Amino acid sequence: VNPHNMELSPPPTGLEAESAALFTTGSLHFLHELISTFDEEVEKILQLRVSRKAHLDLSDELPNFLESTTHIRADPNWRVLPVPPRLQKRHVDIGDMAPCDTARFIRALRSPAQGIQVDFDDGNCPTFHNQIKGIHNVILAVNNRLPGAPHISRAPVLMLRPRAWNMVEHNMMVEGKEAPGPLFDFGLLMYHCGRTLLEHQSGPFFYLSKVESLVEARLWNNIFTWTQQKLGLPLGCIKATVLIENVLATFEMEEILYELREHSAGLNCGIWDYSASFVNKFGHRQDFLLPDRSKYVNMEKRFLRSYMDLLVQTCHRRGALATGGMAASLLPHGQHTHAYSTVLDSVERLKLLEIKAGVDGFMVYDMNLIKPMQELFELHTEGDNQLHQLRDNVSVTPEDLLSMPSGGVTLYGLKYNIAVGVLFINAWLSGKGHFFYRGQVEDSATAEISRSQVWQWIRHQARLEDDGRVVSRQIVTELTKEVSTELGHLCPSERTEQRLHTAADMFLEVVLKRHFPEFITSYLNLDHTFLTSQNLREEEAAVETGRQRA
């Protein structure tokens with residue numbers, strides 16, 4: 001099946017039937033139309049990002065609220081359209097749920113959570129195998145064909161998160177160009193699941209990540225409108241929560257809601273991608289030296305507190321729900337142990353701050369946290385959401401949003417960031433999008449902040465609080481070797497140890513570059529070592545299949 005000017009890679013080994021189910025004549029035709037219609041606009045927003053960054057760098061200016069859209073912010077009357085009943089109560093979503101992990105996906109579907117962040121982005125490694133398997137599992141779940149999963153209308157609501165604009169799908173060419181990752185994911189999910197989700201009042205609902213401006217929100221809105229018309233779905237049935245993960249987007253939150261007012265399911269705030277965006281946009285400026293995240297960066301700091309307050313105020317003023325980030329902690333085994341209650345207390349303390357700030361929900365990774373977090377909402381709030389908390393007392397200035405917390409750099413924090421960065425690259429080389437380290441789940445957001453901090457500390461020759469040494473290429477190289485040797489001892493085989501050392505080499509390449517690579521995910525997705533690691537796993541799978549047949 002090959003409609004005009006479209007090329008598709010052969011299916012991943014062992015997923016021939018799944019591929020055939022995904023890539024039908026109809027779905028390929030739809031994807032071709034979707035991608036050829038919006039490809040130029042996707043290109044344009046990526047170029048606007050580059051031009052905006054160049055402007056900030058050349059002018060040394062700082063972002064501010066836009067003068068050109070004052071009339072939108074000043075008009076008290078507009079609201080986003082009300083969301084359907086299933087989105088009124090958003091207390092707890094399961095985050096980082098890569099649907100290619102069938103067993104965990106089924107557990108999530110059987111859980112008491114309000115929603116599932118079905119993740120093709122931060123918590124997922126976008127190999128062709130994972131995308132096909134993940135999208136196919138979603139189709140099975142929506143059509144009540146996933147063994148052991150409840151009917152879609154009784155399961156937690158699926159909040160589908162396609163890849164961000166910076167990601168491409170290497171396995172599909174449309175009119176001579178690789179397909180934009182988000183359009184590949186969104187197109188297949190909508191084509192195969194949109195109508196069924198709507199019929200069961202369970203969607204189609206999305207999370208949109210890494211949106212940087214109102215122009216990008218407008219593009220998504222146009223894509224939604226076009227898709228609904230193409231598939232004969234009612235206008236406004238698609239709902240999307242925009243993740244505000246970039247400092248520039250914070251200055252355009254109201255406009256982002258306005259652009260998506262017919263399709264909005266509110267805004268979401270998260271700590272690590274957002275903090276990393278400061279390094280991405282202003283990291284070469286001395287004033288924006290971000291201190292050690294393990295000691296000095298948390299949601300109580302002025303710049304993050306102001307961001308959350310403004311996000312809640314903006315959403316509630318416009319009738320949209322505001323949600324908080326993901327609790328990454330993993331509960332230790334044994335409910336009656338001291339360790340268990342220590343972790344639970346610390347998660348509850350941080351999440352209570354968000355509830356007090358007025359959020360309507362947030363995410364957890366560990367499914368054992370769902371019940372305790374839902375109880376926290378029942379205890380401290382009334383009704384399905386906190387839309388009545390208008391936070392009129394809040395007044396946030398650009399200075400609040402751009403004030404860097406004080407603090408320095410510790411040897412512990414440097415080694416921690418190195419370990420997370422190396423282990424993330426190692427996870428990607430193994431085809432996984434997240435991993436566990438020191439009682440936390442780590443994904444591309446924590447990898448993003450980790451490698452950003454190391455790059456920035458080298459760039460500004462920060463001094464270690466411990467002994468006054470300057471963070472230099474030499475120290476980072478030595479520590480990376482030390483960390484990867486320590487981690488290497490835990491590897492079950494010589495091959496996994498070798499992979500870890502490869503990951504360490506790649507980590508050093510990223511943090512020592514003169515120019516900051518914008519996203520670690522797109523950097524890796526274009527990297528020869530990562531791409532060949534996929535081929536290697538494919539070949540091994542093929543050999544294994546052959547052996548089983550023999």
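Glycine residues also receive a Cβ, built from the backbone N, Cα and C atoms like all the rest.
Marked as active site, proton acceptor by TrEMBL: ARG161. Taken from TrEMBL, the feature active site, proton donor applies to ASP443. Residues or ranges marked as domain 'Malate synthase TIM barrel' by TrEMBL: 157-403. What TrEMBL lists as domain 'Malate synthase C-terminal' is 410-523.
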Stretch-averaged pLDDT - the domain 'Malate synthase TIM barrel' (157-403): 98
C-alpha spacing of ARG161 (active site, proton acceptor) relative to ASP443 (active site, proton donor), in angstrom: 14
ASP443 (active site, proton donor): tally of other CB atoms within 10 A of its CB: 28
For the residue listed as 'active site, proton acceptor': intrachain residues, at least 6 apart, with Cβ closer than 8 Å: GLN117, VAL118, ASP119, PHE120, ASP121, ASP122, PHE206, TYR207, LEU208, SER209
DSSP helix/strand/coil residue counts for the domain 'Malate synthase C-terminal' (410-523): 73 helix, 9 strand, 32 coil
